[in-house]
Structures are given as C-alpha cells and as structure tokens.
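Enquirer: Pasting the relevant annotations from Swiss-Prot:
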BINDING   133, 269, 278, 287  substrate binding site
BINDING   161, 206, 261  divalent metal cation binding site
C-alpha cells in the first residue's frame, strides 16, 4: 500500500513552526511522505538555531536520513527574524496554506498538517483572515466543523471564533444540525465508529433548567436532537456542561459537541494540552493542526515542545490512510 503524501505547513515563519518541522524531519517515517510548504531559507535558519541537520529535497524524493525534508518552496518577501513577525510575509503564509489545499483538492496530496499562524500579522499584511479552518472551508467550498482532540476526549464546536455576546444568536437549528451531521459522518469515516455516541452540551447553565435559565435548549437544541435521532444518530443530551466532562461520563461518549469555543476547550486543554490537535471535519481531505500558538518568545531557542505536531502528523497519516 502506498503511503499518503501530506503537506507540512509550518505557519508563521517567525514562530516555532519552522523549528518544529525541522525536529519532525529528524525521524524519517514510514506512515507518510511529508512535503514542507515553506521558505527554504527559514527552514535552514531554524535548523541552524537548533544545531540540527536539514537537507531539503525535491517534493517527490523520499526522506531516508535524519534531516531529510522534501520541499515545495514558498518564498517569503523578507528574511525571517525569529520572535518578530513581519506583515510583509503574510502573503507567503497564506500561499503555503492555499497551495497545499489546492494540491489536496487536485489529488496530488492526501492531507495537510499545519503549524500555528499569527492572525494579527496576516491581517496587518492586508489580508483579511479569521482562521485556517475558515480559509480551507472557503477554498474547498464546503461547510466544516472544528474538532479538538487528545487521548481523553474529542470536542467539536457548533460556533468557533465569535465574541461571547454573539454566540446565542449563532446557535440556530440549521447550525446545530449541520455540525452534528458533519461530526457524525466524520466519526464514522475517519475514526471507524459505525454508531458513534455523541454528547451534546446545552448552551445555558444546567442546560437551561427546563427553560428557567434560557429557552435555547427547549426551542432549538432538543428539537434538533430529536430530528437527528429519527435519522438514526445516537445522541446524548443536551447535557449541563459543568458535569459532562466527568471521567465516568466521558467513557460513555465518542465525542462531545460544545456550543462555543470556551465551553468545550478548557477541559480538553487541561486534560492533555501537549498532545492535543485540531482537526477540520468535513473537508474532502484530512487536515490536522497543532493546538498551540506561535510561541514567539520561544522561537529560535530550541526549547519548543514538538509533541502536538508529532501527534497531528501521526493522526493525519492515519486519517489519510482511511480515505
């Protein structure tokens, strides 16, 4: 069986992404053929900062020795200074993501692994950008769901990067139905669960307390869950968020759907931040990202933890092999 070819996109060049890619290249792997979509000078600078070897190869050349890294070059406008993002390089960051996505959509690649990006630097460079998840969804022309996962729990989000005051208005029947259908399909296809058990959190404290603490559960969530149960989905909820993550309850769920970002993710990150990854469900190819930021204060110092990138790469390879 041929191993999948995956794009490795480091993200913000001034952050820890490039050095994490260099660290990843020190262990040639048998589960995937990785191709970095990055600036070669930045990768060489990262290798020098870490005192590690890197040998950049043609995209189709196999990585056989520590430091071998096939490269699809993405040229930056200015040289990288670790720890200091330059808005002039925003176009290169976006070009790396879009080029990798285009190659996936064309069938030349089977998945994407992404490092952390610096949203402020991209927007300061004159490019409107809210997140890589949204960018890839727009390019593929399909709705997606953001899921974060570690070895303990998988959490999918109905809403993502919204101000808290806007969340309640965004919890609609259509949004919830779409999120749950995408999550259910991904659990079946990507994780091999024929009948996934999906817990759904309520929006309000105590899941609305029978309407006394808000009516979203009664008016929106419960009718949506009943509709999907009629389609054969195994859904639990709506559950109060403050007790849904108890270990004895989590053992009965394959995934948890949270209504908003900070409802579901703090518990996940507390339970295993280093191994956590960000998965985009619903794309025609697997995309898995690290679950940490650019860590500018660590960039170029050789002390950044590669665990999340290693976990993201291993998971993306497994998901790609199932497609």
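Positions of Cβ are set from backbone N, Cα and C atoms, glycine also.
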Enquirer: Hey, what's the Cβ neighbour count for residue 269 (substrate binding site) at 10 Å?
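Expert: That number is 16.
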Enquirer: Residues with Cβ closer than 8 Å to the Cβ of residue 161 (divalent metal cation binding site), same chain and 6+ apart in sequence?
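Expert: The list for residue 161 (divalent metal cation binding site) reads 130, 131, 261, given in order along the sequence.
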Enquirer: If one measures from the C-alpha of residue 278 (substrate binding site) to the C-alpha of residue 206 (divalent metal cation binding site), what distance in angstrom results, rounded to a whole number?
Expert: 27
Enquirer: Taking just the CA atoms, what is the gap between residue 269 (substrate binding site) and residue 206 (divalent metal cation binding site) in Å?
Expert: 22
Enquirer: Show which residues of the chain containing residue 287 (substrate binding site), separated from it by at least 6 in sequence, have their CB under 8 Å from its CB.
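Expert: Long-range Cβ contacts: 111, 112, 113, 114, 136, 279, 280, 316.
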Enquirer: Taking the Cα atoms as reference points, how far is residue 133 (substrate binding site) from residue 206 (divalent metal cation binding site) in Å?
Expert: 30
Enquirer: When you tally the Cβ atoms that lie within 10 Å of each candidate's Cβ, which of the binding-site residues (206, 261) has the highest tally?
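Expert: Result of the Cβ crowding comparison: 261.
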Enquirer: Is it possible to get the count of other C-beta atoms within 10 angstroms of the C-beta of residue 133 (substrate binding site)?
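Expert: Other Cβ atoms within 10 Å of residue 133 (substrate binding site): 24.
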